[in-house]
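Heads up, the thing below is written out as structure tokens.
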Amino acid sequence: MDAKDNQNYRNAISLDYLHPAEPRTEADYRQDKQDLPPSTSASEPATMLNVPLDGAYSQGDPEPMDPKLAKMRKQARWALLAMAFFMGDVQEGLGPFLGVYLQDHNWAPGMRGSVVAMSHVATIIMSGPIGALIDATRYKRALVATFACTVGTCQGLNLLSTHPACVFTTQMVSAVAGASLIPLLVALTMGVCTEDPEGADADAAAVVPATGGKDKGKKKKNKHSFIALNGRNQASNHLGNMITAGAAGALGQKFGLPAVFYLVIACCACTMAIVWLIPEGAIDHAAARGRVPVDSETDDNNSQHHQDMQERGAAGKKGGFHLPGLGKNKKKKNADSSLMILVKNKPLAIVAVTVFLFHLGNACILYIYGQALVVAGEGDPAQTTGLTVIIAQATMTIMSVLTAWVADRSGYWYLVMLSYIVLPIRAVLAGKVIKYWAIWPVQILDGIAHGILSVATPGMVAMIMAGTGRINVAYGIAGNMTRQSGSAISHSLGGWMSEVKGYNFAIMLCGVFPAVGLIIWLATFRLLRPLVDIKKAPKE
């Protein structure tokens, strides 16, 4: 095997630099920096470009071309894809069917909204600790199985009783368990986001060095990078939501809403079984948490990354950005609380605020719109609710794939802007037209906005927090806590406003918040775009 075959490449956000490397002296680093060609002196961070790495450092494996390891990683990727499919129904529990189910049991709109709101409050409180747990533990598969079992048990208890104490308790526990599954999926995806050694040529993810030949300057994409795997897993997640929603609508129409509970329990059982198909040896737990080992900054092939991380740190300092673990004071390494990470990192804080406003406006629209259609006599409750979910999830599936494809080439900034533009339009349409046919445009717009953000949020957090070792804590805050807090307020506000002012007014009000988020996103263009977009490498 020649030297060319021994050189592997990684794509954006494949987190290569997170893996252990042989320590070197500061003098070696300075010499490497002097040897860098002028064209690379101002390159983008290694997390955002296709950077060639020696195969010996690929995911910390001494023999990355080992067929057994390659087989384990391939199995892990397929298992993650299948797990994401069934996880879609598990993470949301009953979703919009809960409101219809409680409505059938004579619960007032305000009380129904309060159940969802309290569930989100519980999730908000637990998001930070759960993110820290995911960063720290090596038992991620066991956590997935435990949380899936918890969701299934809670839904079973709701079948036995609709007493307020039982419903509030079980839905709060179920919400915490279900919301913890997506951060686990993201962490496991980061842990296996490496190119398949057996298909290194096909999976190459870099600009091929200018060494002559027909491949000179040819850009190849790694289909197993984090951006690619995250997009596929999110698409599978939405596809699972779509199919199970269709099945729930059909089963609910024929056998009644209790059949939906049994479907959720079945999906929980499938998730519990599939997660154990992921080989433990295929998971790189250092990459799964985004950790940079202390000595890895001076790796032979990573001296460029050290310079890039300094540039990123400088960019972050403009917004109060702090990289835990990279400073000289090791006592500060784990000193920051979850909220302090958000306060000290202005780019992450902006993402968190806009994501919060997104969900504050978007979360309760489907919840309220489904009930408004039922009250207006526009279709069977289970069938109508199921159709709203199917349309949205089908659109999200397509948008997840497209978002990953576009993000792999240009980044996330414009994609997120598009998602914030779509939501106010959706709110106006839904508030003005409560008709059965309007389900289609209303939910397609939901699918466009939500599909983009489901892929973009973990991707942006991975870019902004690269090298800190606290990616899952940060995602728990910016991706989970903000979503849950926004949803909690949204459902509570929407429920009570529906009761006092009517469904139309409540839905229209929801369009104001994402419009504010759009203004903030546009106002912070100069700060955010360099961090969440990918610039093309200069041509040789």
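Backbone N, Cα and C atoms are what each Cβ position is placed from, and that goes for glycine too.
Curation plays no part in TrEMBL annotations; they are all automatic predictions.
Annotation comment: TrEMBL describes 1-67, 293-332 as region 'Disordered'. Among the features that TrEMBL reports, compositional bias 'Basic and acidic residues' is placed at 19-35, 302-311. Sequence annotations record features per position, and here TrEMBL assigns transmembrane segment to 78-102, 114-134, 259-278, 348-375, 387-406, 412-429, 505-528. What TrEMBL lists as domain 'Major facilitator superfamily (MFS) profile' is 347-540.
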Restricting to the same chain and to residues at least six past its boundaries, which positions have a Cβ under 8 Å from a Cβ of the transmembrane segment (259-278)?
75-76, 79-80, 82-83, 86-90, 93-94, 97, 101, 141, 144-145, 148-149, 151-152, 155-156, 158-159, 181, 188, 192, 240, 244, 247-248, 251-252, 382
Is the number of Cβ-Cβ pairs under 8 Å between the transmembrane segment (412-429) and the transmembrane segment (348-375) three or more, considering only pairs separated by 6 or more positions?
yes
Could you give the residue numbers and ranges of same-chain residues that sit at least 6 residues beyond the transmembrane segment (505-528) on either side and whose C-beta is under 8 angstroms from one of its C-beta atoms?
318-319, 346-347, 350-351, 353-358, 360-362, 364-365, 368-369, 372, 413, 416-417, 420-421, 423-428, 430-432, 449, 490, 493-494, 497-498
Apart from its near flanks, which chain residues at least 6 from the ends of the transmembrane segment (78-102) lie with a Cβ under 8 angstroms of it?
111-112, 115-116, 144, 148, 151-152, 154-155, 158, 162, 167, 171, 174-175, 178-179, 181-182, 185, 188-189, 192, 229, 232-234, 236-241, 244-245, 248, 252, 257, 260-261, 263-264, 267-268, 270-271, 274-275, 277-278, 366-367, 370-371, 374, 381-382, 385, 388-389, 393
Mind looking up the mean pLDDT for the domain 'Major facilitator superfamily (MFS) profile' (347-540) in the predicted model?
87
